[in-house]
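The block underneath contains the structure these notes are about, expressed in structure tokens.
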């Protein structure tokens, strides 16, 4: 699959559907309320993310593809917050604002990576006339390569048949992630992407792959579809088209943390690839890879071109080994989204010895990922003298990359890694030796971000200087 690319230079996509604002409150739970038998959450931070059709648009924007988003919001603070989130990602928002309805908002309260409660703020848009949306659609659809109708059953797509006709008249493919059991309303769509539960709720229970194919082809004929992509969780995906063999794709997921927004990712990548002129098979392959990435994240999230490219070429989603600073920032961001604890240390590591190995193993045990920042040759020379380093940077990094305890390696050219640590902001900063925590470069930055700093002991008698001395003594 190496010929596949995660770059989509010719794609432009239009999204129309139920837009939402997802809010997350994070905090610690250490006691039960005296007022009722419920935990008390001391909220320490909060996040806002785009949900529903807005998350679809975010997924497309994360692939560096121009995207326009149509939808209904309230004329309120939540609507302004959602618009702000989207515009930061260069998404063109073209909303119809209603004073009669609030922006759909879902507030989730989490503690220790567990969701305790969800609060929904919404009123259905079923009684809202679609004239303004249809006018916007007629104008915008002429300039894109694909249209996504994102249906969450909130009423934005009340006039979905009219929307499908507008797109088909413009010869633009229409992709729909369906909601409910009334698939008749999606008649004439180019591609539907139901999950297995949604498919069986309409077609009936399937006992085998043959059942899925038979009932899926009947669904295509019944509703005048061009194709059907059924997402099947741990069994991957199945693409069905009339007069063509079924195209089965096994799952790409390694670990599943959260399926929130996975359907959004699938349809986003599908539409983007089709708008770029890819075949349906290639579009499905890329969507399947992207779904395997996004279920490894916490909450609604998007997949970047770097992640998709890595996964296509068999590299891990988070990446391992030697990285640039920007690659490391991205890997750390993804790991934190999965709730992983990031540990960071640094050093010259000129001649690797058992003391180094033991130290790095102990540091790795303190978290889920270990970053090792390594001084460049110029930096080592300034710190240790003109005769150092013995091994150049490439050699030192290559040896460290072979250790199972080390996840990520990055080089820095300054005398200390303070600036780098301030950019990465690990959860735990570790240093070996007899330092006081406040003396460690980067400690202030880590503490200011709510992280911790720890000092680990080195093994007695193990040092690079001792190794060099022994070698020189042998020569003498």
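Even glycines carry a Cβ here, placed using N, Cα and C.
Record features, source Swiss-Prot:
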- 264: active site (ACT_SITE)
- 195, 196, 197, 198: ATP binding site (BINDING)
- 1-319: region 'Ribokinase' (REGION)
- 344-476: region 'Cytidylyltransferase' (REGION)
Between the Cα atoms of residue 195 (ATP binding site) and residue 264 (active site), find the distance and write it as a whole number of Å.
11
Distance between residue 198 (ATP binding site) and the residue listed as 'active site' at the Cα atoms, whole Å?
15
198, 264 as recorded positions, winner by CB count within 10 A:
264
Within 8 Å of the Cβ centre of 195, 196, 197, 198, which other residues of the chain have their Cβ, at the recorded ATP site?
194, 199, 200, 201, 230, 231
For the region 'Cytidylyltransferase' (344-476), the number of residues DSSP places in helix, strand and coil:
56 helix, 26 strand, 51 coil
Determine the minimum-neighbour residue: among 195, 197, listed as binding-site residues, which Cβ has the fewest other Cβ atoms within 10 angstroms?
197
Cα-Cα, whole number of Å: residue 196 (ATP binding site) versus residue 264 (active site)?
15
Any idea what the Cα distance is from the residue listed as 'active site' over to residue 197 (ATP binding site), rounded to a whole Å?
16
So for residue 196 (ATP binding site), how many other CB atoms are inside 10 Å of its CB?
16
